[in-house]
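See below for the structure under consideration.
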Amino acid sequence: METMADAEPAKAKPRPIIRLGLFLISHSFIVSVACCAAGIFALLLLPILAKNTYISENALMPGSASPMLSNDDVSRARMFVNKVVSFDFKTDSSSIGIQDLVAQHITDLGGEVNFHRFLPQVNKFNPLHFFSSPDQGIAQENYTCSSYGINTVGFIRAPRGDGKEAIVLVTPYNSVKTSMGEALSLGIAYSIFSLLTRVTWLAKDIIWLAADSQHGEYAAVAAWLREYHTPSFDGSGRSLFESNASPTTGRKRPNDFLRAGTMAAALVIKVTDGSEKAERDVLNLYAEASNGQMPNLDLINVVNYLAVNGQRLRVKVEKLGSLLDSWWLRSLAELFHKLGTVARSLNPQWNFGISVAEYIEGSATLASSLYNQALGVPTGPHGVFRDYQVDSITMEISAKRVANYKNRPNELLLQGGRLVEGVIRSVNNLLEKFHQSFFLYLLTSPNKFVSVGVYMIPFALLVAPLPMVAASLFTDSTRRISGMGTKVASSPASSDIPAISFRSWRWLHAAKTVFIVHFWGAVVTLLPHFLSLVQDSSPLTNLLSWIILSAFTLLILQAILGSSFSLLHMNRTQGMEWTLLKSVTIAAACTGLCIMSVINFATAELGALMLVPMCLMTRPLMLDAKAKTLKSFIRAACNVVLIFLVFPPVAYYLWKGALVGLENARVGDFWNWVESLWTWNSATYIYMCMVHLPCWVLCVHTLLYPC
């Protein structure tokens, strides 16, 4: 009994999850290599893992009713198109404008109509635009400007509706010089408007926005939507940009700015010239909005189903043409095809692998979808609707021989009109907003998609090594510094030094450095505001000024806030300070990437492909120089190459060359790209300046760290 009492109590074993964490931290290098390789491999597998699209909302019922658009509606639309075309090519001055022509035809059909006069918006850099609501940034100082844009808006009140919901049709056109394609898009909308004024099944109001795009398609639609949702009033209580008079004749109309209910969906209709070699007309779909926002997938599925099965149109989504002829992508496709053949030979139920051509086209489409979402810039005027949480897409009919329109006057109007009619009938059946299907997805073809649950796997695998490596570096540096601190404490001359306190707070020096650099990134974000005040400066001048001011600001912040971390005997452990700096840098990069994945996944995915290898491989060059081995030389060379490639301007030109080509590229293009990001309030600009650039600077600092 005494022996058992005197025996030391057995140590409690750590829990399995703790043992697993310790194992991963102790083998962080192997885990990092495995996770990064698996993440890239999973990204390349996404075209194979794509699923066929399906309509989740049963109430949509596309194609359940026969089209009602008749040849009489098409004939009237053809006459309307002829008037628009003849009006556009008149040489003498006319007493009416094209806005009045559209308004008169809407009135003749029995619809309500009003004009919306708006001003061209001046794009000025404001770093807070990303955090503001869509009604900000109106150019009030240009209120006296004479170059107004004038939208013509027609309304049909639903006989079975309560006025609480509406469907929007948008047809952009240039009122100064209307092209044949724009006239045809107006004709398609007119034929639908003519039909819907007579039907009895309509349960939602119809709004036809003939958007005057002389100042840009997006600007015209954005100005009307801003006024629709958040009107601006002058001192007398009248809206600043509304007008109830004809823009050319001055005739008064009984209504001011008209409104309908909440918008259930919006369709942008466009017609362009197609290829003469095409066997049939093509319908191009554009869905990307600002910051990677996408409409509900059901809306795309309905349009695709009706276009293919109802109107025999060939549906396309944008793809990167540079990848279609890529030799490495073809080699990869052949490899996956062989693997799929082997897998099916082992088990016929394994449906792994696709054809070579399908993989190449799927990869090109997936890369285009990822690229457009990462830019955060809308691919058409439909993007402004997503800022108001309205599902919208642009339907661009690429028709054969549009210029030779007289050879096929009714076919295009009938196809386009019945397609729009079918989409309106489906949306008209909805009792609530789109919610059943996906909002987060990547397209690999018009009828295949990758859902959020699948495309997050590559990102998770790429980011997974970061916290493990950060913990491993922190543990290793603490252990080594602790050993040095013990030796220092045991010496007679340093017996009174509080070594434990010194070791416990030593990571604050690295944390302070990381904080200063990220604070500098916020300053860099604001610098273009002052550069934009300089008039008539070239993009190259602005870019060089931005780089010089950023470097000068970093030196000032380092001098003011970045004083040396002065503690006794710091020189004895300075050699291991870089591990703490790298540990905190990796933790900051992981945090930034994870936050960005919530805002815009595509930006986080592309950022992880660049940041993760750089952060994991960074090591002081002096350590590799002292080793004088082939391994250390290769590692140092890889670090230098990665640092060069990941520098934002260099990375921009590399991505541009790989995806869209570098023909006619100029140095100032990077400034133009950055300017477009803040013009469209893209979160990619915030990520680049406050996450990517600070991590790059910290990795450079780690490479040049004295050891």
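Quick reminder: no glycine exception, Cβ is built from N, Cα and C everywhere.
TrEMBL entries are annotated by machine, without manual review.
Over in TrEMBL, the protein carries these features:
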TRANSMEM  20-46  transmembrane segment
TRANSMEM  452-474  transmembrane segment
TRANSMEM  513-531  transmembrane segment
TRANSMEM  543-568  transmembrane segment
TRANSMEM  580-600  transmembrane segment
TRANSMEM  606-622  transmembrane segment
TRANSMEM  634-655  transmembrane segment
TRANSMEM  685-705  transmembrane segment
Most Cβ pairs under 8 Å with the transmembrane segment (513-531), selected from 452-474, 606-622, 634-655, 685-705: 685-705
Among 606-622, 634-655, 685-705, stretch most in contact with the transmembrane segment (580-600) (C-beta, under 8 angstroms): 685-705
Cβ-Cβ under 8 Å with the transmembrane segment (606-622): same-chain residues at least 6 beyond its ends: 32, 36, 39-40, 370, 374, 459, 462-463, 465-466, 469, 578, 582, 585-586, 589, 593, 596, 635-636, 638-640, 642-643, 645-646, 651, 655, 687, 691-692, 695-696, 699, 702-707
